[in-house]
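> One structure, as structure tokens, below. Some questions next.
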Amino acid sequence: MPGLEGPGPVVGSAMQSQPRPSMKEHRQPDTPVPVRVCVRLRPCSKDSEPCIRGLDSRSLELVNWRNAKETFKYQFDTFYGDTATQQDVYCSSVQPILHHLLQGQNASVLAYGPTGAGKTHTMLGSPQQPGVIPRAVRDILHMVREAGCWPDGHNCSYSVSMSYLEVYQEKVLDLLEPSGRDLVLRETPDHSIMVTGLTERELSSFHDFEKHFLSASRNRTVASTGLNSRSSRSHAALVLRVAQSRPLVPARSAKLQLVDLAGCEDNRLTGNCGLRLRESSVINTSLLVLGKVVDALRLGQPRVPYRDSKLTRLLQDSLGGSAHSVVIAHVAPEQRFYFDTLTTLNFATRSKQVVNKPFAPEALPEPAAEKTLQKENSGKQKQSTSKEGPLVAEKPLGALLPLDQLEPSLVQRVLRLEELERQQGAGHRGLPLLGTPKAERKALLRCLEETQAELEKLLELLNHGSTRELLSLKRIGPRTAELIMAWREQHGPFVTLQDLQRMETMTAKKVATLIKANTLDCIQMLLPPGPSALSLFS
């Protein structure tokens, strides 16, 4: 965006050029870290009066639209006025979090704001005014080379790789190798979010990055609107992964997620219609869910609606997760953008109250499943002289079954079975699930495999079945079948069975009932026979 650069910083000496981050100068934090929030003000056009002005390096005020003599005052970690440069923003807000990558901790930068407020300029910039993304890549490559030259790091090797994706109309699309296929988001054992099937390219120099990124950027969906000749029609995320390995020490990796969010749009100003209007509707809906996630986190609500949108699912690490996060909120000063500016400032204010909990992967507490297996191993080693010989530990039942897709009462039954197995493996006697433990476990595992197959078959039918096939399922009538067909045509296939909740009239209770009705016969096989065992689940 022309004119966004100015002659000098607005926040004083703290904004001057800083040395590149060094891992030696920092310690791993022991306490939760709040999300850092800064606001950047775009220069005002000549034919308009500004409705917002900066007070100092952290504060600003917005005119009260009801009474021009009153103002709303806001304070953030940093405020960048219309004369702040690209270097000011990067050195003050982004560069200080990069050293965490070499410590195995994730980091994230989010550019938020209405369309035309300068988000893409801040993230990408231009050859003359490079933005956050090219500056961060240069610094990370420099950090990796520097770390490999330290006296205490001569046996440590680093590698840097990149992935680039967009979320367009609730589909996650690969920009490095575009195929049009909707990629699946999955959660790893350490609760980090990964994108299955996403292309990854290794970087050995900045030239490698330019070669991959410039071609991939042309694949991002952009279009002309009434406010922006190249308006982003999707949310884009560049993921830089830093992997570290050394002899006799567990390998670890961390990622930096640089996210250029599509702008919320007032279609009265953009003049959108047809496809542009549908795109705008999806963008605004995903940003609405993002606001709900922030509210749920700051209020400590038991359920955070990450799964209500592909965008919020992708940002699960960044908001309330394991990353050191920075939100750069962009605002436009013109009066016609007043309510967009007000909404953005209120979102930024709420985001300040979100707290993340960064950690290095090797510092993770021991998973409960591993503890269970270790207890089983220790108990079974004592029986190594028995006729059957030493038993090999297997995964707990709860780890094999997709518990998040079952009704809570059935989940409790499976977990109780797992507890009985654990107790039996530790040598307890007199429990109703004794007899032939090895045969019992094999039978249960067969039942679990059949249950998994039933759930996958149900999801496949919901995604590809005809109306007649959908009606053959229990708890699905003509109206629900019609809604499913319409949803698939507009949004694509369901990723999980829980996605059914996003359809009109489908509540969590209805989805659980549908799953239970269509997989009940297989799930019932998980229950141990006999009244004594069944009484455990009453």
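Positions of Cβ are set from backbone N, Cα and C atoms, glycine also.
Copied straight from TrEMBL:
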BINDING   Gly113, Pro114, Thr115, Gly116, Ala117, Gly118, Lys119, Thr120  ATP binding site
COILED    441-468  coiled coil
COMPBIAS  368-379  compositional bias 'Basic and acidic residues'
DOMAIN    34-354  domain 'Kinesin motor'
REGION    1-31  region 'Disordered'
REGION    365-392  region 'Disordered'
> Test of understanding: give the count of other CB atoms lying within 10 angstroms of the CB of Thr115 (ATP binding site).
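Around the Cβ of Thr115 (ATP binding site), 26 other Cβ atoms lie within 10 Å.
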> Could you please provide the mean pLDDT value for the coiled coil (441-468)?
74
> Here the binding-site residues are Gly113, Gly118; which one has the lowest number of other Cβ atoms no more than 10 Å from its Cβ?
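Comparing Cβ neighbour counts within 10 Å for the binding-site residues Gly113, Gly118 gives Gly118.
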